[in-house]
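Feature annotations, reproduced from TrEMBL:
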DOMAIN    4-76  domain 'CSC1/OSCA1-like 7TM region'
REGION    186-214  region 'Disordered'
TRANSMEM  12-33  transmembrane segment
TRANSMEM  54-78  transmembrane segment
TRANSMEM  84-103  transmembrane segment
């Protein structure tokens, strides 16, 4: 990352002007290598292995740091009054830039792209084998986002029963408030128990007739 690039810049720039810097950067790189070796072997999962793809980034950073270091060193030589050594650094900078262009043209093109004939043959082989690319739809999602939650089979039914029960409870509360039903009867309905039939009130006129007849 940025810290590694900074260390490489310090090494390339100050390696010639102050050779003791190379020993300090060597010690730092050894410690970093030990730490990352432990991380890659015992901590990081194997699925994170890039298969050598990070080598391309390393070469880009190395060559870029080398060019910047040569430019800085050339400027320092000119400031120190190096009439001969200063101009001699210019061809070195040009050669390094040309090498960088050649390296990108020869190496990156081969590793990033395949010839058209090979691509066509590979596509034909995959098509003959019945290969589909549906598995690539969620390939770049995080595992936690791509994983589907397992709901029980009665998830929807339980939700509907709860909603209907809440609706029934609301209706019973309204009836209790209006005096159409007692709280005990409402609780029985919610519990699914049958409501006991109320005894009919005795008619006072019938009671009087019974007394006269007797």
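For all residues, glycine too, the Cβ spot is worked out from N, Cα and C.
Here the domain 'CSC1/OSCA1-like 7TM region' (4-76) has, by DSSP, the following mix of helix, strand and coil residues: 64 helix, 0 strand, 9 coil. Summed and averaged per residue, pLDDT over the domain 'CSC1/OSCA1-like 7TM region' (4-76) gives 82.
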